[in-house]
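According to Swiss-Prot, the feature N-acetylmethionine maps to M1, an assignment based on similarity to another entry. Sequence annotations record features per position, and here Swiss-Prot assigns ATP 1 binding site to R30, D84, L85, G86, G87, T88, N89, K425, R426. For 73-207, the entry in Swiss-Prot reads region 'Hexokinase small subdomain 1', with the evidence type sequence analysis. Per Swiss-Prot, D-glucose 6-phosphate 1 binding site is recorded for D84, L85, G86, G87, T88, D209, T232, D413, G414, S415, S449, and the stated evidence type is similarity to another entry. According to Swiss-Prot, the feature D-glucose 1 binding site maps to S155, F156, T172, K173, N208, D209, N235, E260, Q291, L292, F293, E294, an assignment based on similarity to another entry. The annotation region 'Hexokinase large subdomain 1' is assigned in Swiss-Prot to 208-447. Summarising the annotation, Swiss-Prot assigns region 'Hexokinase small subdomain 2' to 521-655. Per Swiss-Prot, D-glucose 6-phosphate 2 binding site is recorded for D532, L533, G534, G535, T536, D657, T680, D861, G862, T863, S897. Positions annotated as ATP 2 binding site by Swiss-Prot, on the basis of similarity to another entry: 532-537, T680, 747-748, 784-788, 863-867. The annotation D-glucose 2 binding site is assigned in Swiss-Prot to S603, F604, T620, K621, N656, D657, S682, N683, E708, Q739, R740, F741, E742. Per Swiss-Prot, the feature region 'Hexokinase large subdomain 2' maps to 656-895; the stated evidence is sequence analysis.
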Amino acid sequence: MIASHMIACLFTELNQNQVQKVDQYLYHMRLSDETLLEISRRFRKEMEKGLGATTHPTAAVKMLPTFVRSTPDGTEHGEFLALDLGGTNFRVLRVRVTDNGLQRVEMENQIYAIPEDIMRGSGTQLFDHIAECLANFMDKLQIKEKKLPLGFTFSFPCHQTKLDESFLVSWTKGFKSSGVEGRDVVDLIRKAIQRRGDFDIDIVAVVNDTVGTMMTCGYDDQNCEIGLIVGTGSNACYMEEMRHIDMVEGDEGRMCINMEWGAFGDDGTLNDIRTEFDREIDMGSLNPGKQLFEKMISGMYMGELVRLILVKMAKAELLFQGKLSPELLTTGSFETKDVSDIEDDKDGIQKAYQILVRLGLSPLQEDCVATHRICQIVSTRSASLCAATLAAVLWRIKENKGEERLRSTIGVDGSVYKKHPHFAKRLHKAVRRLVPDCDVRFLRSEDGSGKGAAMVTAVAYRLADQHRARQKTLESLKLSHEQLLEVKRRMKVEMEQGLSKETHEAAPVKMLPTYVCATPDGTEKGDFLALDLGGTNFRVLLVRVRNGKRRGVEMHNKIYSIPQEVMHGTGEELFDHIVQCIADFLEYMGMKGVSLPLGFTFSFPCQQNSLDQSILLKWTKGFKASGCEGEDVVTLLKEAIRRREEFDLDVVAVVNDTVGTMMTCGYEDPHCEVGLIVGTGSNACYMEEMRNVELVDGEEGRMCVNMEWGAFGDNGCLDDLRTVFDVAVDELSLNPGKQRFEKMISGMYLGEIVRNILIDFTKRGLLFRGRISERLKTRGIFETKFLSQIESDCLALLQVRAILRHLGLESTCDDSIIVKEVCTVVARRAAQLCGAGMAAVVDKIRENRGLDNLKVTVGVDGTLYKLHPHFAKVMHETVRDLAPKCDVSFLESEDGSGKGAALITAVACRIREAGQR
């Protein structure tokens, strides 16, 4: 009767007054969103302190690395054992995880007691007891003969140094086993098992209960990257970027951080938020001054907080008509379970009455209403404080990922969260208010931390298996010193074949004479025109070469486009268009009608018969002008100049871009006798002794040989080094079977090799969770510029993920690490192969000259060499390693092949003038 009467009167004016009275009295416990955001800001600062190497020792929030580097992706499978030790009872579990299209977890477990004499005895006794219980469990399941992986949940303060190494800092929860503090608990279990000798296990991971919660929920929801426990105690963990964890080496990937957030405020950070009741609870606790945040929010203290408030308000004659009872004055008499019961929507007021009577009080209706309101304020503050710190964690993850809107899941366990009727809802609402730009899902952990320990173990096993499978594949792309020496030897053989008259025709490496017989000596001078034609745009340049004190090169140039109808029209139309552009340039430079020597960079396959005669073998790069193939391009140009009858030009030299690069660098460095291009394509040239150039008469002097080394291997001599990925790229190219070396080293193909490897990994479930997107199937999406960006040292994995997202590939942090590794392996092999080819060239020059040591410079151009962050360094190291008797310098060409054509012309004019004198 009294209960129904109380419920009916709940909202009477009297009750409202009582609620207002409590609200006024507990004003400092009711936290505004503004205050919560300030607490959140402070907590973010504390997190940073805990992560920093210099600030960590004094940080209150310790931010401990757990060495758990990945959350479940749903493909885990296998049979695992788990030990869950955190109190007077401990559990042993067998966890079977299956992945046959349907994720399923089966668990069997048994609870074992730890007698008090063992808890307080020696460490040897304790771990022998644990090993005995483990043996008993395995006997029952008849699995003793199996060596199963085991995960160990050990919920005591530990210093963790590896996933399977954790040193106990101090016992808590009534444990006093001697000889354990300061020791590695994994080692102690292993030794106890060895002492028995009747079974063996593989201890893979030791974790705390918070990490176990995150991993348990992470199996069901792959967005889960935060673990939260609000029970007797409180703690949280989350996945942090490795680059921010100063205590652990390495910058790539993520690691779970055990925050130990209960200690937030131990340094005084929360003094203005803590109330007199919080201070009283702390003073009466077993660890005064420690775990101050935990004492404001966790189940161990919530009931006691309510009791202290009731006592204080009764003393102030605001409750119970100023009367107290011995029971109410007894510490611990008001439990957190009582708070949950009183806040129950259905019969909370009735429960308040019963609990207050149990405490020896004679409560009036308004006393019950006031007690209900006190419980509400205390539990709401707890949820709000939790929300403030969670908001800081979510904000940090969002910042780490650089996302405008974060989608994340929080795995939660603990009696307060699960059993209090309103705590969870209040927590959820507060989090969403404090971080409105985060879509947060809360997922209850139903299977406790034992399953979590098994999940950590399952993930570690999956990662190890996948790593082994990937490494086996990537091994085929990693070249040993011996293999690279063999590539160098084979290149030298192919060079000899190309130089010899007898074998030249069948040789893939053509070693074409360029009729360039000297490099610049610095005495060149004069004004020269240069044409640079190699694509849909071409350049006309005026190059002024000065010698003496004013030695240098001054350049003016203009870029002209070639319309598609001209590219596909007649040869006459094409060369008339080129001459029209030259005329325009001369007029633009105020040099109309002037006759100048001209150098012509013509980057199409040609057979050169003299410095100023080059027969076009075939058009490439989209050109189809009729009447040109099989013709001398210099003659075609001269005929077009004659047709115009406006000016005359002395076409002195026609060269390709590689020779142009060598000559450009040769002007800066007289030791430059080799040219190399590693860009979209790849080629090399060098100064060969005339006696070895059998295709050209004469024994004296030297001539630059255009190697056309991209075709190295077209005769099958590299087949043992080519992988299935190289073969796939070749077969789908425009010229299958041709330019095989180029397809292993040049920018046009490296991205395709990477894409093929990524497809292979994804099909085998080693990447992108086994899901192949349509975008990944698209040829050419993986441009080489992305390789350069992905491998950039200053680029965080976050930016790597952004690049992959731009390519339409949704990746996890682990995926990004794998993609980066594939890019590294492919680019490194390219640089090493390039270095092996270059080592063959410089060693040949040294041997030609009969020198013990050669000092030589290589002029280099090309986007891959210039823009890739590591290509040049790896190539240089390889050349040094494979050609130790050569002192090789590398000089980047800054002005392209047009300047090179002008310098060849300048050298030819110098030699011609010297001959005339």
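Including glycine, each Cβ sits where the backbone N, Cα and C put it.
On the backbone, the CA of T680 (D-glucose 6-phosphate 2 binding site) and the CA of L864 (ATP 2 binding site) stand 7 Å apart. When Cβ neighbours within 10 Å are tallied across all protein chains shown, the highest count among the binding-site residues G87, N235, G535 belongs to N235.
Inclusion criterion for the binding-site residues T88, G535, S682, E742, L787: a C-alpha placed within 10 angstroms of the C-alpha of G862 (D-glucose 6-phosphate 2 binding site); this criterion is met by S682.
The full span of the recorded D-glucose 6-phosphate 1 binding residues, D84, L85, G86, G87, T88, D209, T232, D413, G414, S415, S449, taken as their largest Cα to Cα distance, is 20 Å.
For F293 (D-glucose 1 binding site), the Cβ neighbour count at a 10 Å cut-off comes to 27, with all displayed protein chains included. Whole-number maximum of the Cα to Cα distances across the D-glucose 2-binding residues S603, F604, T620, K621, N656, D657, S682, N683, E708, Q739, R740, F741, E742: 20 angstrom. Its own atom aside, the Cβ of N208 (D-glucose 1 binding site) has 27 Cβ atoms within 10 angstroms in the protein chains shown. Neighbour counts were taken at the CB atom with a 10 A radius for the binding-site residues T88, T172, Q291, S603; the maximum falls on Q291. Distance from the CA of S603 (D-glucose 2 binding site) to the CA of D532 (D-glucose 6-phosphate 2 binding site) is 8 Å.
Here the binding-site residues are T232, S449, S682, and the one ringed by the most other CB atoms within 10 angstroms is S449. Note: the CA-CA distance between N235 (D-glucose 1 binding site) and G534 (D-glucose 6-phosphate 2 binding site) rounds to 65 Å. Put simply, the two farthest-apart Cα atoms among R30, D84, L85, G86, G87, T88, N89, K425, R426, the recorded binders of ATP 1, are 38 Å from each other.
If you measure from the Cα atom of T620 (D-glucose 2 binding site) to that of L864 (ATP 2 binding site), you get 21 Å. Spread of the D-glucose 1 binding residues is 20 Å (greatest Cα-Cα distance among S155, F156, T172, K173, N208, D209, N235, E260, Q291, L292, F293, E294). Using S155 (D-glucose 1 binding site) as the reference Cα, a 10 A cut-off selects L85, G86 from the binding-site residues L85, G86, S603, N656. Averaged over the region 'Hexokinase large subdomain 2' (656-895), the predicted model reaches a pLDDT of 91.
Neighbour list (T536 (D-glucose 6-phosphate 2 binding site), Cβ cut-off 8 Å, at least 6 residues apart, same chain): S561, I562, Q564, M567, K621, G622. Comparing the binding-site residues G414, G534 by how many other C-beta atoms lie within 10 angstroms of each C-beta, the top residue is G414.
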